[in-house]
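Undergrad: To start, I am sharing the structure in question, which I have written as structure tokens.
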């Protein structure tokens with residue numbers, strides 16, 4: 001009993017064993033789940049990754065399955081957990097969830113290079129005698145995404161250098177000074193897009209062989225080759241390509257054996273005049289945890305940084321996506337999204353896609369109100385205070401004036417009107433007094449601030465377009 005709840009069958013059943021003479025209902029269901037898994041993924045994949053799962057207890061409505069190492073647990077969780085959940089719920093209505101856990105001391109079918117010192121598997125265990133068959137080259141790499149081309153990549157100041165470098169490599173692979181090409185920047189800024197674009201461009205003629213994969217997949221393929229005693233075939237497959245692209249290299253930090261293999265693959269390809277393209281979240285010199293010799297080699301070619309997007313670039317990306325969709329999205333909605341989602345282009349595009357899908361499904365146009373409603377989970381307000389500095393920055397961006405104009409003595413309407421709006425929003429959205437607000441705007445008198453507030457209020461009543469601009473800014477600042 002646990003907490004007054006019956007625990008069903010805590011006896012463990014090895015996933016590779018046949019059913020004993022007398023089995024419990026849970027064990028019988030597990031046998032059926034295993035057989036379905038095996039038929040879905042194939043014998044080779046089943047023996048490679050799923051054979052070592054061990055049945056654990058069913059407590060309340062949650063079933064526990066055990067694996068011998070953390071590496072195996074993480075891999076099964078990322079690749080098969082959803083399917084395991086579905087199969088178990090189909091077999092047993094009383095099972096609502098499946099939890100994968102590591103249990104030390106279970107029989108381990110040779111994990112080889114598990115790349116994880118914490119799970120007890122270490123690196124260099126005895127290789128399995130029953131293991132996966134070697135993979136063909138088509139299985140080794142990931143297919144290129146046809147959506148990611150140079151034509152669909154929106155260029156702006158933050159990414160123009162990386163784009164130019166990618167273009168050069170696509171036109172003349174292995175050019176002096178461009179091998180390797182190392183692209184780095186934050187998540188969702190376009191590194192993967194550029195890599196796929198290079199690959200797509202190079203493979204159009206059919207004369208260049210390209211292999212693209214994530215660093216994580218490189219490691220898993222390497223481990224599978226060790227376990228299947230086919231490392232030579234793995235090496236030959238990778239070293240026979242004309243262009244090798246490895247995405248998210250930072251994944252190899254701390255994976256010493258895989259780093260070693262990648263280093264030798266890197267040298268073999270470059271020495272043979274083949275092109276290497278790598279991406280990471282940091283520059284080679286900042287990837288602490290990678291071997292020094294590998295960092296040095298990565299930095300000896302062309303290193304291109306993709307900077308965070310600007311407001312103008314985000315607008316361009318959204319406009320292009322909206323146009324391609326065929327759905328009308330008001331410019332004020334695009335501006336709102338560009339102001340709100342500033343760090344991740346992937347998330348920005350995802351937000352727009354969700355809006356467009358919603359408009360298509362419900363048959364209603366996209367508006368600011370529907371945008372806030374549909375995307376409330378993405379745009380929910382953070383627990384923070386709006387500052388006058390933030391208001392000044394947002395208003396300056398919106399009307400394309402210099403931030404210094406907020407505190408300058410310039411009286412031209414193109415400057416004075418945005419300054420008045422910023423004062424109005426400072427009064428509405430902060431707890432600062434009028435004199436405090438005035439000091440933030442070039443030491444202006446409190447009466448000047450009051451005049452600005454009254455003037456903006458009047459204009460909002462008279463000019464619908466102006467009122468919409470102010471309302472857009474208020475919504476962006478409030479969250």
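Quick reminder: no glycine exception, Cβ is built from N, Cα and C everywhere.
Feature annotation from Swiss-Prot assigns region 'Domain I, interacts with DnaA modulators' to 1-94; the stated evidence is sequence analysis. Look at Swiss-Prot and you will find 94-142 tagged as region 'Domain II', backed by sequence analysis. Among the features that Swiss-Prot reports, region 'Disordered' is placed at 106-137. Annotated region 'Domain III, AAA+ region' per Swiss-Prot: 143-359, in sequence order, evidence recorded as sequence analysis. What Swiss-Prot records for 188, 190, 191, 192 is ATP binding site, and it gives sequence analysis as the kind of evidence. Residues or ranges marked as region 'Domain IV, binds dsDNA' in Swiss-Prot: 360-479.
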Undergrad: Output the one of 188, 190 that, of all these binding-site residues, has the highest number of other Cβ atoms within 10 Å of its Cβ.
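TA: Result of the Cβ crowding comparison: 190.
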Undergrad: For the region 'Domain IV, binds dsDNA' (360-479), DSSP counts of helix, strand and coil?
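TA: For the region 'Domain IV, binds dsDNA' (360-479), the helix, strand and coil counts are 86 helix, 0 strand, 34 coil.
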Undergrad: Test of understanding: give the count of other CB atoms lying within 10 angstroms of the CB of residue 192 (ATP binding site).
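TA: Total other Cβ atoms inside 10 Å, all chains included: 20.
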Undergrad: If you take the centroid of the Cβ atoms of 188, 190, 191, 192, the listed ATP site, which other residues of that chain have their Cβ within 8 Å of it?
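TA: Apart from 188, 190, 191, 192, the close residues are 185, 187, 189, 193, 194, 279, 306, 345, 346.
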Undergrad: Limited to the region 'Domain IV, binds dsDNA' (360-479), I'd like the whole-number average of pLDDT.
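TA: Mean model confidence (pLDDT) across the region 'Domain IV, binds dsDNA' (360-479) is 87.
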